[in-house]
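What follows is a single structure, written as structure tokens, with notes after it.
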């Protein structure tokens, strides 16, 4: 009887202590040089977005955005793609790596829409090969970096096909797909993106964004963002969206408004502003920064505040646009990663099914 009472008490404490706030991803925008990785992480990001430039034949060359880019940003920062992946592997991939618990997701904006059609499959093959050989190779399974492969348009589907086929070729066990997600980033119609995923046989790990450059984001209609959130929050067959993000958001008023809508992530040039808003009384009871314990592919439905449906006709005030990037780096406390307690379907097999895996069993 005493043992039963103790067990019931322990279960009650576990349920009571469970944190049901939405895990939120603060994605640093245009992190295209190696020094910028640590800069953005020290400023509060838990994910980074990088732009990948390809040669005409589909070879991934470097991280680079170029002109034009966001207001008040330098557009020409870059790094060799292999050096970039190896750096991230070194600072995240092992138990006592400097950012092993801080950097949760690398969002790769694959600049492939202008490639010749015959080069798009090759681009997927090449970026996946470089990920396997230079980011994931030799890294323990639970420490492997999560990567979001973002193409511009649904018409770029061949890139994802090439990447998927290549990863399967390297890893017939399909375990690496637990660390891979997908996105279509340039505001295509959602129904077209849904059809693309159906053709690919992908039914999990799908992020979906909406937005525009920070120079114009305050003029953008919220209708597509609302539609994207509704895709996540319904269970219809075409409702493919697992995570919703908005880009590129720098002003505090717009950050607040976007979080009220129930997004899972914001891409920003000003991460300290986003983390500051997350600490405000209105939000800190319902939203929190994501940690390594959170599954970046898990779908969570909206819990908007009472102000979540307010009118959007008001324009955001001009905030302080002083740079946040003049600072002295400081050391971050280190502690080992631990495995996630559960995992959602992650792997496409040859029958276009993404099987469930037992989270208690090793994947390697």
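In case you wondered, yes, glycine gets a Cβ from its N, Cα and C as well.
As recorded in Swiss-Prot, the features of this protein are as follows:
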ACT_SITE  29  active site, nucleophile
ACT_SITE  65  active site
BINDING   49, 51, 109  Mg(2+) binding site
DISULFID  69-75  disulfide bond
DISULFID  71-215  disulfide bond
SIGNAL    1-17  signal peptide
Distant-in-sequence Cβ neighbours of residue 69 (disulfide bond), under 8 Å, six or more positions away: 30, 75, 213
Distant-in-sequence Cβ neighbours of residue 215 (disulfide bond), under 8 Å, six or more positions away: 70, 71
Residue 215 (disulfide bond): secondary structure state under DSSP, collapsed to three categories: coil
Close in space, distant in sequence - the residue listed as 'active site, nucleophile', Cβ under 8 Å, 6 or more apart: 49, 70, 73, 247, 248, 267, 268, 269
Most crowded position, judged by CB atoms within 10 A, among 49, 51, 109 as binding-site residues: 49
Residues near residue 65 (active site) in space but at least six apart in sequence (CB under 8 A): 30, 32, 51, 75, 76, 77
Beyond the site residues 49, 51, 109: chain residues whose C-beta lies within 8 Å of the centroid, for Mg(2+): 29, 30, 32, 50, 52, 63, 65, 107, 108, 111, 150
Coarse DSSP state, helix versus strand versus coil, of residue 49 (Mg(2+) binding site): strand
Number of Cβ atoms other than its own within 10 Å, given for residue 71 (disulfide bond): 13
